[in-house]
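Student: Okay, handing you the structure first.
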Amino acid sequence: MGAPRSLLLALAAGLAVARPPNIVLIFADDLGYGDLGCYGHPSSTTPNLDQLAAGGLRFTDFYVPVSLCTPSRAALLTGRLPVRMGMYPGVLVPSSRGGLPLEEVTVAEVLAARGYLTGMAGKWHLGVGPEGAFLPPHQGFHRFLGIPYSHDQGPCQNLTCFPPATPCDGGCDQGLVPIPLLANLSVEAQPPWLPGLEARYMAFAHDLMADAQRQDRPFFLYYASHHTHYPQFSGQSFAERSGRGPFGDSLMELDAAVGTLMTAIGDLGLLEETLVIFTADNGPETMRMSRGGCSGLLRCGKGTTYEGGVREPALAFWPGHIAPGVTHELASSLDLLPTLAALAGAPLPNVTLDGFDLSPLLLGTGKSPRQSLFFYPSYPDEVRGVFAVRTGKYKAHFFTQGSAHSDTTADPACHASSSLTAHEPPLLYDLSKDPGENYNLLGGVAGATPEVLQALKQLQLLKAQLDAAVTFGPSQVARGEDPALQICCHPGCTPRPACCHCPDPHA
């Protein structure tokens, strides 16, 4: 007589915890909801991401809480609203005194405590600090290879974006040191040769995975790609190949990197032992026009709380564990820490988390526990609190404000010239019928249906409850700047920033 089913399930659960999955978390930069082939773009060359979508779970309603680099990355790694941690307003810069507070617990720290070999490649943008105090090696990552902030946060005239010697478009940030490439806390090059950067990241990733396998331990790879942030770059194999200009070439290289990672995982025989998650930090920077990406049918882009700013492509791939399909369940980047902790059998940090465990949804045993989503502006304050709230199919905008990042679209509500506006009653949209947020259901409240009025009450209550519950942490950005904190490959040299130049040997 066979063992009872309950016993078999318990044994299977025990084995899952005893051997947690390898995890690869891929985070694209300034990628629009409509930029991938699997999300409907007619000409994007993204076969590897499309293959992940076909073989895994594709999310249609996956969100970030803030549509800007620094706060979005903080939310991803901690499962907490950025305002709780002081990751506001705007973004950190190379000379910022502040950064992701060290008392915050990152997903890397959660997994490292479970025995994972943890590594990060790519863009950090959560602060540098004195002696690199806020960098990844102090935030749970055993290994780090990357740029500590955005690659436009330095002078672009000394950057090569396309081989053999095409300079990057625009001036970027003048008066700063050249962007540094760091290996853990050491400067590898300043500036790096961008066309060769992706190959270095892929070699780093392969070494991490292979070393973890040799050590018989799981790995966590956080690959925070610079693609498709402006100014776009790519290697020789992709330059002028996409038919979609520099943005398309950059996207093509990102997709190829995903393919390289999947090939490496397969070559190591780890496909069925590795969970791969792909998403992005915020919507497209439409002010760049053809270099800015596409939000598809969604309204606006980066820097706004409209759908084009906060709704992101998201894929989860794990053969033998995640069934192929599409889910319309609500999900957020905030949910990744509790989800990965559950799958790894790791305890949650003893802090207030704003994320939910999505493992039942991923594994096909249940639905998403998330019932609502909250969206903050790039420059939040405690007086106004949350700008927009979604529950079920309804979304309310209590405040709106345009952003320079979303300039040049045909919709003036997206532009920086669209000033902060309070809405009473709020703008209310049925996203199941109107994902573009074009038809306000409360344009005439007297004609609103009972269902719509009930949704309005629920959304107002959710906003009031969250605003009352959330305490803003001291702003890390408001700690100000110290030019001496900028990383320099020749510490103490003069004159700065010109002397901080160490040619890349890989160029």
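Placement of Cβ uses the backbone N, Cα and C atoms for every residue, glycine included.
Not my notes, these are from Swiss-Prot:
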ACT_SITE  C69  active site, nucleophile
ACT_SITE  H125  active site
BINDING   D29, D30, C69, D281, N282  Ca(2+) binding site
BINDING   K123, S150, H229, K302  substrate binding site
CARBOHYD  N158  N-linked glycosylation site
CARBOHYD  N184  N-linked glycosylation site
CARBOHYD  N350  N-linked glycosylation site
Student: Near the Cβ of D281 (Ca(2+) binding site), how many other Cβ atoms are there if near means within 10 Å?
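Tutor: Its Cβ shell of radius 10 Å holds 28 other Cβ atoms.
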Student: For a quick check of understanding: among the binding-site residues K123, H229, K302, which residue's Cβ has the most other Cβ atoms within 10 Å?
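Tutor: The largest 10 Å Cβ neighbour count belongs to K302.
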Student: CA-CA, which of the recorded positions D29, D30, H125, N282 lies nearest N350 (N-linked glycosylation site)?
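Tutor: Looking at Cα distances from N350 (N-linked glycosylation site), the smallest one goes to H125.
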Student: Including all protein chains displayed, how many Cβ atoms other than that of N282 (Ca(2+) binding site) lie within 10 Å of its Cβ?
Tutor: 29
Student: Rounding to the nearest whole angstrom, report the longest C-alpha distance spanning K123, S150, H229, K302, listed for substrate.
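Tutor: 17 Å is the greatest Cα spacing among the residues binding substrate.
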Student: What's the number of neighbouring CB atoms sitting within 10 A of the CB on D30 (Ca(2+) binding site)?
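Tutor: Excluding its own Cβ, the number within 10 Å is 30.
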Student: Round to a whole number and give the Cα-to-Cα distance in Å for the pair N184 (N-linked glycosylation site) and K123 (substrate binding site).
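Tutor: Rounded to the nearest whole number, the Cα-Cα distance is 13 Å.
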Student: Compute the mean position of the Cβ atoms of K123, S150, H229, K302, which form the recorded substrate site, and then list in sequence order the other residues of that chain whose Cβ is within 8 Å of it.
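Tutor: Apart from K123, S150, H229, K302, the close residues are D29, D30, C69, H125, H151, D152, H226, Y230, D281.
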Student: Quick check for you: of the recorded positions D29, H125, N158, which have their Cα within 10 Å of the Cα of H229 (substrate binding site)?
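Tutor: Taking D29, H125, N158 one by one, the ones whose Cα falls within 10 Å of H229 (substrate binding site) are D29.
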Student: Out of S150, N158, N184, N350, which of the recorded positions has the smallest number of neighbouring Cβ atoms within 10 Å?
Tutor: N350
Student: Which binding-site residues (D30, S150, D281) fall within 10 Å of the residue listed as 'active site' by Cα distance?
Tutor: S150
Student: Determine which residues of this chain, when D29, D30, C69, D281, N282 are set aside, have a Cβ within 8 Å of the centroid of the Ca(2+) site's Cβ atoms, and list them as they appear in the sequence.
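Tutor: So the additional residues around the site are A28, L31, L68, S72, H229, A280, K302.
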Student: State the count of C-beta atoms found within 10 angstroms of the C-beta of H125 (active site), not counting that atom itself.
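Tutor: That number is 27.
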Student: Check the Cα distances from C69 (active site, nucleophile) to each of the recorded positions N158, D281, N282 and keep only the ones within 10 Å.
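Tutor: Near C69 (active site, nucleophile), where near means Cα within 10 Å, the recorded positions are D281, N282.
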Student: State the three-class DSSP label for C69 (active site, nucleophile), counting H, G and I as helix, E and B as strand, and everything else as coil.
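Tutor: The residue in question, C69 (active site, nucleophile), is helix (DSSP, three-state).
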